[in-house]
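K.L.:
Quick one: structure below, then a few questions.
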Amino acid sequence: MGNGVTTLTGCCTGTLAGEISRRYDVSLVHDGLGHSFCYIRPDLPGVVLPSPESPLRSDHIQETTFRSISGASVSANPSTALSGALSSDSDCPYSSAVSASAFESSGNFASLPLQPVPRGSTWQSGPIVNESGLGSAPFERRFLSGPIESGLYSGPIESTKKTEKEKPKKIRKKPKSKKNFLTFKTLFANLISNNNKPRLKKSVIEPINGSDSSDSGRLHHEPVITSSRSNENPKSDLEEEDEKQSMNSVLDVQWAQGKAGEDRVHVVVSEDNGWVFVGIYDGFSGPDAPDYLLNNLYTAVQKELNGLLWNDEKLRSLGENGMTKTGKCSDEEDPESGKENCPVINNDDAVASGARNQAKSLKWRCEWEKKSNNKTKSDNRCDQKGSNSTTTNHKDVLKALLQALRKTEDAYLELADQMVKENPELALMGSCVLVTLMKGEDVYVMNVGDSRAVLGRKPNLATGRKRQKELERIREDSSLEDKEILMNGAMRNTLVPLQLNMEHSTRIEEEVRRIKKEHPDDDCAVENDRVKGYLKVTRAFGAGFLKQPKWNDALLEMFRIDYIGTSPYITCSPSLCHHKLTSRDKFLILSSDGLYEYFSNQEAIFEVESFISAFPEGDPAQHLIQEVLLRAANKFGMDFHELLEIPQGDRRRYHDDVSVIVISLEGRIWRSSM
């Protein structure tokens with residue numbers, strides 16, 4: 001997201017692309033550019049995945065529909081040192097990483113540094129055009145690590161040497177290779193052959209060092225840090241590795257954490273319980289807020305949800321049971337599945353009625369139309385069998401997410417308040433939050449800020465008014481020049497977007513009206529399309545100087561705003577949504593706002609659908625990032641390589657940090673960040 005104060009005025013005026021690239025040492029700028037990682041969920045006995053033609057619901061299936069995770073990370077902002085107030089070097093897994101991009105994970109994830117294809121190299125496999133004619137441009141490979149063949153997702157990759165601890169039944173058989181993807185396969189094979197050690201589920205990238213976290217409540221074991229910059233050998237032995245894997249086995253999760261500039265991404269997968277957690281934290285004005293979210297929000301969510309979506313006795317000691325009272329949540333019905341969709345609701349709709357001191361927030365309706373109730377009440381079931389055959393109240397799950405976020409921000413502000421005199425910059429730091437929890441066919445989304453969760457689904461092109469509404473949805477985010485082709489695509493059953501969360505930014509008139517209504521005495525509450533002339537987002541985690549006068553007073557005079565009254569200008573009140581998946585839903589794109597500097601919702605869905613059609617085994621998330629870079633380069637008169645030759649920091653003038661996760665609802669997940 002970057003610092004909201006910075007303004008761009010003629011940064012490229014009169015500058016030739018070649019002159020830009022010649023100012024930098026090309027041999028250094030790709031060092032720490034980003035990383036790729038991959039994960040495949042082991043085959044579990046008795047699991048039957050639904051076919052694309054059949055509805056996702058099945059009473060005997062308790063497993064999620066995701067299958068694998070892959071992606072990449074590229075940063076636009078440089079690495080910024082933590083203030084030192086919220087975490088010491090030993091607490092922060094990224095404190096030792098000089099690079100703007102870093103990655104750490106449990107052993108079942110594998111990662112590689114991300115490198116662009118050299119200029120004029122034969123490594124490039126394109127242009128390759130989709131036979132259907134879809135897509136804005138021919139698909140060309142710009143990175144050495146993608147598209148990725150599905151057989152390379154599993155980690156560790158099959159080896160001739162096996163330890164007694166390995167479980168062959170959990171290792172997926174590799175399909176036959178395709179020549180277009182041999183590059184990535186070769187890179188992985190070389191790494192495995194050079195680092196073939198008898199360690200169970202060892203990451204193919206050797207760690208730089210371990211993070212000796214002092215937080216006893218942290219869920220994860222000591223992390224394996226993978227930086228794109230360093231080639232140092234780690235300090236680890238078999239006993240330490242066995243200890244880590246033993247702890248990971250007890251906690252029964254696989255996890256990955258990545259950073260790209262000021263973006264942070266957190267993925268947690270429970271292989272046995274069948275759920276996936278994804279957090280995207282788009283920071284601004286510094287790294288402390290997104291780092292704090294990365295280290296604490298998932299743990300808070302896990303504590304609040306224990307007893308709702310799962311009831312693991314091994315984890316119960318980590319926190320209290322998060323059961324809460326039923327909140328207000330108007331229900332919608334999907335005519336196709338007969339199951340409830342809980343629309344986007346706001347924080348204050350879910351809290352107990354006794355919380356009178358909370359600022360009154362605007363109530364809004366879902367941005368998609370309300371659907372009529374065509375099913376009998378026997379089919380309209382809000383509850384679903386959980387992992388322990390206990391009913392799940394979706395409203396309570398959403399409330400648990402909200403409580404976890406509230407407690408995390410309260411702890412962050414309390415800790416920062418103790419250090420604000422020594423570190424006044426903490427009052428400026430904040431982050432957007434996008435959290436998605438997926439279990440089976442239930443998807444829960446919590447959002448604060450301008451990140452988006454966009455579902456790609458087949459339109460239900462019925463007759464009459466409903467057909468017209470489906471077609472109107474296509475026009476929603478499309479530019480004028482794209483409307484004709486997109487509408488024609490809809491007539492051919494091209495996927496259409498469904499945004500599951502409300503965006504909290506000054507682009508949304510409801511948000512602007514709310515802030516002005518809460519500050520009638522301040523004519524500059526929203527100025528130059530920014531809250532107090534500073535932030536485009538109208539809700540955020542942290543950013544205390546826009547929430548309380550005391551935080552604003554702690555800043556240096558040059559950074560202070562004219563704070564009028566005592567009411568907060570922004571809040572951390574999230575939008576919450578529960579969506580029940582159906583056979584029409586094909587994939588879900590989770591992204592920070594950087595993606596939508598160059599894409600509309602429809603264009604992003606259209607691009608992913610087109611790419612998957614051309615490369616069923618490819619990485620659509622990395623492809624979206626590549627397209628962002630191509631569009632940014634074209635906008636400023638550069639080519640792909642010239643843009644990447646500009647170092648982080650300077651490159652922020654052309655594009656933002658972008659984090660993208662594409663979850664395929666037909667068996668795969670792809671993840672990328674930039």
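Here, residue 1 is simply the first one shown, and the rest follow in order.
For all residues, glycine too, the Cβ spot is worked out from N, Cα and C.
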K.L.:
Write down the one residue from Asp523, Asp529, Asp650, Asp656 that Swiss-Prot lists together with Asp282, Asp593 as binding Mn(2+) 2.
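P.N.:
Same Mn(2+) 2 site in Swiss-Prot: Asp656.
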K.L.:
Other than its own, how many Cβ atoms are within 10 Å of the Cβ belonging to Gly283 (Mn(2+) 1 binding site)?
P.N.:
32
K.L.:
Please report the distance from the Cα of Asp593 (Mn(2+) 2 binding site) to the Cα of Gly283 (Mn(2+) 1 binding site), rounded to the nearest angstrom.
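P.N.:
The separation of the Cα atoms works out to 11 Å.
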K.L.:
Using Cα coordinates, what distance in whole Å links Asp656 (Mn(2+) 2 binding site) and Gly283 (Mn(2+) 1 binding site)?
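P.N.:
That separation, Cα to Cα, works out to 11 Å.
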K.L.:
Among Asp282, Asp593, Asp656, the binding-site residues in question, whose Cβ has the most other Cβ atoms within 10 Å in this structure?
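P.N.:
Per the Cβ count, the most surrounded site is Asp282.
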